[in-house]
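Step one of this worksheet: look at the structure below.
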Amino acid sequence: MLAISSLTMWKSNNWASLFPTKTSFIVFVLYIALSMNHGLLVKLSQEKGIYNYNIVSVIILTEVTKLVISFFLFCKDNPLRSIIDQTRQNYTVLVLYMVPAFLYCLYNNLAFVNLSIFDPTTYFILLQLRVILTGVVYQCLFKKDLSKIQWLSLVLLTIGCIIKELKMEGNIQQQSYSFFISILLMLTQILCSCLAGVYNEYLLKKGQGINVNVYLQNIYMYTDSIICNLLLWITFKHNENKSSVSETDIFKNYMVMFIVINSAMYGVVTSLLLHSLNSIIKVFATAIELVLIAVLSWVFLGYPITLQTAAAVCIVSCSVVVYAIHPITKSTIPTTNYKKNMTNI
């Protein structure tokens, strides 16, 4: 079925339209590689499912790296002083970005927690449940009607996730988390992603963020994200034992540095992908990602590819592709350079 969907897309869009330049194809490949790398690197950085470093500190370091990159990209075409001038004019946008920044703060921290509970393949499959949640939000909140094919794809996605989770209770890696709590944490992460995406697309696109420079938007997002994560860091640090690992130790952990660099590059590449390629390509990348992450998890981490896993990967990949080929009809929204905005991961 996935092959049929791919063939349909091949007929409707030739390779020249999908990848107009060599650079666009390189961006596509990098997007897949960096996305998979995150799950694998985080998993490899664990010791028996436990992190020997402060995950909030790692996320803060990642956000700071993204902020520095955004500064450089903005200053490439604009004087540094204009940041202050434009912020005075658009200070409300900086405040508005606090909402998605908080949601992404939760999302990023829960990603580490959930990757300590689930194997990478299960994690990436369950993450696709956000397609269902987004579809329901569009249907209920914004009165967007889903077609029968879209509902079929959501049903397929649900079935694929259920197949992967059959007998999963014995596979949860940390006994401190029950099956119910594990699924609840995953659903919370997915909900944060969905709400942040809806907020960005509908509220900020229609609001005062329309005419703000894309890189300045990134600066606002990452600044707010750093603030949220610092508050979270202070909260957890206050309740930690004094014998906990020193914060400076993360700079000595090469695996942590790889995670930071990979996450920062992923943010930049995602921005380029959404800017230069069809949005459907991102979904095709997800389908390819699911297959490759299963193989790489087997090669590097020793997680077996069971018939159950293979069936779930095929069904979920097929469902997200079908859903993407028949997107939800959106109301007319002013077209802006906001789509260029980096995705906060």
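Even glycines carry a Cβ here, placed using N, Cα and C.
Sequence annotations record features per position, and here TrEMBL assigns transmembrane segment to 12-33 (among others).
The transmembrane segment annotation in TrEMBL covers 53-74 (among others).
Residues annotated as transmembrane segment in TrEMBL: 94-117 (among others).
Long-range contacts of the transmembrane segment (123-142) within the same chain: residues 39, 114-115, 150, 153-154, 157-158, 160-161, 164-165, 186-187, 189-191, 193-194, 197-198, 202, 286, 289-290, 293, 312-313, 316, 319-320, 323, 328, 331, each at least 6 residues beyond the stretch ends and with a Cβ under 8 Å from a Cβ of the stretch. The transmembrane segment annotation in TrEMBL covers 123-142 (among others).
For the transmembrane segment (149-166), the list of distant contacts is 121-122, 125-126, 128-129, 131-132, 135, 183, 308-309, 311-316, 318-320, 322-323, 326, 328: same-chain residues at least six beyond its ends, Cβ to Cβ under 8 Å. As annotated by TrEMBL, transmembrane segment applies to 149-166 (among others).
Sequence annotations record features per position, and here TrEMBL assigns transmembrane segment to 178-199 (among others).
Packing against the transmembrane segment (219-236) from elsewhere in the chain are residues 54, 56-57, 59-60, 63-64, 66-67, 70-71, 74, 83, 93-94, 97-98, 100-102, 104-105, 108-109, 212, 341-342, 344: each is 6 or more residues past its ends and has a CB under 8 Å from a CB in it. The transmembrane segment feature in TrEMBL is assigned to 219-236 (among others).
Taken from TrEMBL, the feature transmembrane segment applies to 256-274 (among others).
If you look at the transmembrane segment (281-301), the same-chain residues 6 or more away from its ends with a CB under 8 A from one of its CBs are 2, 6, 9, 18, 28, 31-32, 35-36, 39-40, 43-44, 119-121, 124-125, 128, 273-274, 309-310, 313, 316-318, 320-321, 323-324. Per TrEMBL, the feature transmembrane segment maps to 281-301 (among others).
Summarising the annotation, TrEMBL assigns transmembrane segment to 307-325 (among others).
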